[in-house]
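For reference, the structure discussed in these notes is given below.
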Amino acid sequence: MDRLLGRSTLRRHLTLAVLGMLVVVVVLESTGPFRNAQFASMAYYGIAGAGLTILIGLNGQISLGHGAFMAIGAYTAALMLQGGDPLPLPVILLAAALVTLVAGAVVGVAAARLHGPYLAGATLALAVAVPGIPVYFSGTLGGEQGLNVRVPDIPPWFADAVFFVTGQDMSRSRYLGYLGWFCLVVTFVLLANLARGRVGRTWRAVRDNEVAAELAGIDLGRARVLAFVVSATCAGLAGGLLALSARIAAPSGFTLTLSLLLLSAIVLGGLGTLTGALIGAAMLTFVPQLVTGLGQDLGLTDVRAAELAPLTYGLVTMLVVLFAPAGIVGGIRAAAARRRAVKTSGTSKEARKDEAMDEIRGVTGDRHPGGGVRRG
Amino acid sequence: MAAETGFEMSGVTVTFGGLVALSDVSLAVGPNQVLGVIGPNGAGKTTLFNVACGFVRPDEGRLRWRGTELRALRPHQLAGHGIARTLQDLGLFDRMTVLENVLVGATRHARTSFWSGLFALPRHGRDERALTERAMAMLDELGIADVARRPVASLPYPVRKRVALARALAGDPDLLLLDEPASGLSNDEMAEIGELIGRLTARMSVMLVEHHMDLVMSVCHDIVVLDFGKVIARGGPDEIREHPAVLDAYLGEDVG
Ligand SMILES: Nc1ncnc2c1ncn2[C@@H]1O[C@H](COP(=O)(O)OP(=O)(O)O)[C@@H](O)[C@H]1O
Ligand SMILES: [Mg+2]
């Protein structure tokens, strides 16, 4: 990998980003509006999941309330798109991220003092409370009906540029697909930079041993708030994209279910890894439709078939937790490590295997964030 | 004597509920000195370190390090003041590699901001390389450079013990608190630790909590004996060896 991508962190991540963007272009151009819209969804799930997996996997803080941060981003974007002459989309998405950043800082300061079940409870309360806010301020936030979102016109230069490359006209859903995946790639590059550098190391140190981290000069509260803010900001950006894709920001879109789905998606994918977040996002996007279709083929009514999706989701989550506790990415790494261990011969075989297994443990995230209130 | 240059603790009292863990303890460590703190299990040695590091607030007493009042500082600020410590239970970052553990220990020397890390600026890369060099030098000094990329959890206890030491040293401390650095080590390994402590005195002061008397007697310039949170004796190794109260309270029952 190193030889292929170069040793410099930035070069390595940018190379991967460009390759990823090429795949995005090919996929979006070769699929129709329905698939384009699905890929746009996958992008915002991926961004929110990436933020959450960094928080839980690298820093050991749990959040059951990331749906609430997505709501804040979505409503920010929706409000800014209400007028007849909205600001450019990048500005709006940036604003959605920044407003959520502030909210994340406020919640993060409180969260930094809580651990395990207490933190889970507090963020759960957030997930339950936030969808109530638009109902209370129904004048500005549209109440139960929510705010309709009009997607601004596609910038002509962008449509022209893509036409020049692909010879195809730009549809709105394809445009949103590009927008979402561009945001995802940028987010992933930045998060990967953090994870690989000093900040990520600091987060993991705090996760592994608070006392030792403090002795090394790390301000625990600061590190935790920073992780929370970064994570919430991602959720805010994802929320903004969601509002555009769904063309609406409404309380029903941000129920507790969203937060829980997001959480189980990254657990399935493999905590603490961006690839895992992407796999989780793909499952959130494609599994429901796949299963519903299967149910209909088996002769179930539409309603019954639709009920299959959450059921399958729950089952798959249980299976993964039972048989691949490190998630799909962790499972694949473990399998690869076993193969490597078998291949390397001689006396060092066992040692190699141990090493490989530990490599896996080293990269997988935290499934047991400690319990209790933090030492005063 | 050590008011401006060393570490000084005076009249420190700590109670946990009804239990008096430390009672009016005073001690001082001068520059390039090794102070041994000995006493039976539960005597209050670890608590003494916890007070020094700000994890336990004393009910009474003063703590000064190079003229700074330590009670005003929070634990994470001590590294910046040149104080490092190893933990009795090692407290390694178990899901990180040896090198990463030591890199965290060198955090004090990190120079770049969150933003340069976020954008992976060349500045951040240079800083990381400088930290890595520092950490590798530390691992080299302790003879464990060859396991730098291994996850710490996979290594045998004596090696992990060295990692903990390397992590504490990576911050280039001026005062090093060692909590039972020789426990669980073989005689040879213990001798190496003794040599290392001897070498370290060239660049720092050391406070040593240890049960192995051979080690304590060979490296310490001064020794403080605790029993039930009280200082029952203090002096040079020769004095302590002969001290009746010490023989009574400690050496009699638990010669290491
Ligand atoms: N955080 C704490 N809360 C209550 N009691 C404590 C705490 N820390 C230490 N103690 C008690 O204080 C006494 C001294 O403990 P410690 O300093 O760990 O002894 P040593 O390190 O000398 O073996 C023991 O009786 C111990 O149980
Ligand atoms: Mg102790």
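Even glycines carry a Cβ here, placed using N, Cα and C.
What TrEMBL says about a protein is an automatic prediction, not a curated fact.
According to TrEMBL, the transmembrane segment annotation covers A:12-30, A:42-58, A:64-84, A:91-112, A:118-137, A:175-195, A:225-246, A:258-291, A:311-336. Under the heading region 'Disordered', TrEMBL lists A:343-376. Residues or ranges marked as compositional bias 'Basic and acidic residues' in TrEMBL: A:349-369.
Sequence-distant contacts of the transmembrane segment (A:118-137) (same chain, at least 6 residues past either end, Cβ-Cβ under 8 Å): 61-68, 71-72, 75, 107, 110-111, 143-144, 146, 249-252, 254-256, 258-259, 369, 372-373. Here the transmembrane segment (A:258-291) has Cβ contacts under 8 Å with residues 38-39, 41-43, 45-46, 48-50, 52-54, 56-58, 63-68, 70, 123-124, 127, 188, 191-192, 195, 305, 308-309, 312-313, 316-317, 320-321, 326-331, 363-367 of the same chain, all six or more residues outside its ends. Just going by CB pairs under 8 A, the stretch in A:12-30, A:64-84, A:91-112, A:175-195, A:225-246 that sits most against the transmembrane segment (A:42-58) is A:225-246.
Listed stretches A:91-112, A:175-195, A:225-246 were compared with the transmembrane segment (A:64-84); the greatest number of C-beta pairs under 8 angstroms is found for A:225-246.
With a threshold of 8 Å between CB atoms, the same-chain residues lying at least 6 positions outside the transmembrane segment (A:175-195) that come near it are 9-10, 13-14, 16-17, 20-21, 24, 28, 36-37, 39-44, 46-47, 50-51, 54, 58, 89, 93, 151, 154, 158-159, 162, 230, 234, 237, 241, 244-245, 274.
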